[in-house]
Amino acid sequence: MTEITNLQDKVDVEEDLLNIITQAVSLTLNEEGRAGVVSIALVDNDYIQSLNREYRQKDAPTDVLSFPLADDEDDEILGDVVISLEKAAEQAKEYGHSFSREVAFLTVHGVLHLLGHDHYEEEETRIMRAKEEKILSALGLER
């Protein structure tokens, strides 16, 4: 299940975007063989910068932050994913793809982090990127 909260007013959030986010969470959980509740917070750059400063000691806006809550695979509440829609819009323009694709990518990326995936090592990065592209392709949002 996906709970989405819009905590910003700088980027319009239409029903189509909410549906894409919900589908991205669902496909990611299915792909990973997991079930549970994921909370998605849609925020602006100022909001995510304050979280980034507090939790990662980086005083700059970022695109997505994940806060895992599940201690084991049986926990129903998996955690929170915070997405800056401002940053997503900037990155979509920079990378030359749609805003919807960027938000879907950030959603999948954030949920994979909730489930324990990371990208500190080259092999971890390769695995995570392959999973992201597979899920985005299933959503019809490949590059």
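Every residue gets a Cβ built from N, Cα and C, even glycine.
Record features (TrEMBL):
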BINDING   His109, His113, His119  Zn(2+) binding site
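Mapped onto this structure are the features recorded in TrEMBL.
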| residue | record | CB count, 10 Å |
| --- | --- | --- |
| His109 | Zn(2+) binding site | 23 |
| His113 | Zn(2+) binding site | 19 |
| His119 | Zn(2+) binding site | 15 |
Whose Cβ lies within 8 Å of the mean position of the Cβ atoms of His109, His113, His119, the Zn(2+) site, other than those residues?
Val64, Ser66, Gly110, Leu112, His117, Asp118, Met128
For His119 (Zn(2+) binding site), the three-state class that DSSP assigns:
coil
